[in-house]
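Peer 1: Got a structure for you, written out below as structure tokens; questions coming shortly.
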Amino acid sequence: MLTGKFISFEGPDGAGKTTALNSIVADLTPQLNDNLVVTREPGGNRISEAIRDIILDRKNTEMDDRTEALLYAAARRQHIVETIMPALKSGKMVLCDRYVDSSVAYQGAGREIGVDEVYQMNLFATAGLLPDLTIYFDVPSEIGLRRIMTHRTDEINRLDVEQLSFHKRVRASYLKIAEQNPQRIQVIDATQSKAKVVSDVEKIIYQANKGLFNKSGE
Ligand SMILES: Nc1ncnc2c1ncn2[C@@H]1O[C@H](COP(=O)(O)OP(=O)(O)O)[C@@H](O)[C@H]1O
Ligand SMILES: [Mg+2]
């Protein structure tokens, strides 16, 4: 039986997910200690990281869209088995940077494979495991791309360099998924300052997990 809390962070590239996640982890760790597990997709273990390298390698220009979608799902499966399920089974809170909604938005809508096909294929990979809560960082594609191009120096990967129209399809798809899943997905205005984004997300997490935190965390 699962007793933990599974929270995914979603949104376009440059929305500020990783930046916010770092601050949130710093704020939550004193209260949750070992009961907080932070992880990212695709990756989190040896096999999934190897798959991640293949997906994001800019040399792999010949990669077929469905191959890409299957690789993401394969990496996700391994990540669930090695990281997410064990943590949830021992009652921990799992914060995951990207999950199934990313595949639906990027491969389903961005690559135009079809959102239903990609979702169905992911149901096989996940055996139906969805987050208890998803925070969606909403930002216009132009702003997200500008943030990546001007600020980020670590990695500009194969997906970042796609056309603006690709990123617009991704955002539109995310907004539709959020609209269709109002009980799971909370939308954050990610154009706000970093501090305001972090406080909005923390409010939602505290609200959804009353009892997990002591009073000082509220
Ligand atoms: N709220 C914000 N306002 C302005 N710039 C931001 C904000 N959040 C993040 N950034 C900057 O945008 C860039 C992308 O952020 P990042 O956290 O890597 O996005 P993501 O993980 O969603 O792709 C980074 O350089 C980061 O410093
Ligand atoms: Mg990131």
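Using N, Cα and C of the backbone, Cβ positions are placed for all residues, glycine too.
TrEMBL entries are annotated by machine, without manual review.
What TrEMBL lists as ATP binding site is Gly11, Pro12, Asp13, Gly14, Ala15, Gly16, Lys17, Thr18. As annotated by TrEMBL, domain 'Thymidylate kinase-like' applies to 9-200.
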Peer 1: Relative to ligand 2, which of the binding-site residues Gly14, Gly16, Lys17, Thr18 have a Cβ found under 6 Å from one of its atoms?
Peer 2: Lys17, Thr18
Peer 1: How many other Cβ atoms sit within 10 Å of the Cβ of Pro12 (ATP binding site)?
Peer 2: 28
Peer 1: Inside 10 Å of the Cβ of Gly16 (ATP binding site), count up the other Cβ atoms and send me the figure.
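Peer 2: Its Cβ has 24 other Cβ atoms within 10 Å.
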Peer 1: Hey, which of the binding-site residues Ala15, Thr18 is the loneliest by Cβ count within 10 Å?
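Peer 2: Fewest other Cβ atoms within 10 Å, among the binding-site residues Ala15, Thr18, is found for Thr18.
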Peer 1: Rank the binding-site residues Gly11, Asp13, Gly14, Lys17 by the number of other Cβ atoms within 10 Å of each Cβ, and give the residue at the low end.
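Peer 2: Selected from the binding-site residues Gly11, Asp13, Gly14, Lys17 on minimum Cβ neighbours within 10 Å: Asp13.
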